[in-house]
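Trainee: Grabbed the feature section from TrEMBL, which reads as follows:
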type	residues	note
DOMAIN	3-196	domain 'RNase H type-2'
BINDING	Asp9, Glu10, Asp111	divalent metal cation binding site
Amino acid sequence: MIKHIIGIDEVGRGPLAGPITFCAFCAHNDFNFKKFRIPLKDSKQLNRQKREEIFKVLNKLSQEKQVSFSISSASNILIDKKGLSFCIKKCISDCLKKLSINSKTTKVLLDGGLHAPSKFIFQETIVKGDTKKYIIAFASIVAKVSRDKYMTTMSRVHPHYSFEKNKGYGTALHIKAIKKHGPSKIHRKSFLKNIF
């Protein structure tokens, strides 16, 4: 019998700098997500203010033990050393371990082409899952807000690259800054081969 449901999503697969970040968002199987009237959208489709408002609601629910979530990131160094596929598997596994949940009574819903470890026998991959299932959308929001905060902090350490605006993605201004100043300590060297 399914007791818990977990949604998993990631942000930061394609940026030139910073980590890839995952969230596993967990609730009891009978939890009513619709009562919060939160829009069912990919986190990137919401503006920053709306994402942060929703994050506060989700964080409060977590503090009240109504839901739980875990976050795992793989650094640019690990991405360069082991590749994205390794980092994706590691982050999903780490997120699920942090939740300390029984794999036999848990259903895992994952966005896109993601997969949980095989011991989670009840799992489903849903294309554009963050626009179809609240639990995946909430994982997407938590992951995005967490990673964005990190990149904003890094913008103070590495001010030339405007990380607070581009979040590490390859905008024209970001690429121009890399060419002018060279890569920072948080750039993914393996992603810069055509740039630098």
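Keep in mind that glycine also has a Cβ here, set from the backbone N, Cα and C atoms.
Any TrEMBL annotation is an automated prediction that lacks curation.
What's the neighbourhood like for these features in this structure?
Mentor: Counting every protein chain shown, the number of other Cβ atoms lying within 10 Å of the Cβ of Asp9 (divalent metal cation binding site) is 29.
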Trainee: Go through Glu10, Asp111, the listed binding-site residues, and name the one with the sparsest Cβ surroundings, counting other Cβ atoms within 10 Å.
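Mentor: Asp111, out of the binding-site residues Glu10, Asp111, has the fewest neighbouring Cβ atoms within 10 Å.
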Trainee: Would you list the other residues of this chain near divalent metal cation - those whose C-beta lies within 8 angstroms of the C-beta centroid of Asp9, Glu10, Asp111 - in sequence order?
Mentor: Ile8, Val11, Phe22, Cys23, Leu110, Gly112, Leu114, Gly129, Asp130, Ile136, Ala139, Ser140, Ala143
Trainee: According to DSSP, collapsed to three classes, what secondary structure does Asp111 (divalent metal cation binding site) have?
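Mentor: For Asp111 (divalent metal cation binding site) - judged by DSSP and reduced to three states - the answer is strand.
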Trainee: According to DSSP, does Glu10 (divalent metal cation binding site) sit in a helix, a strand, or coil?
Mentor: strand
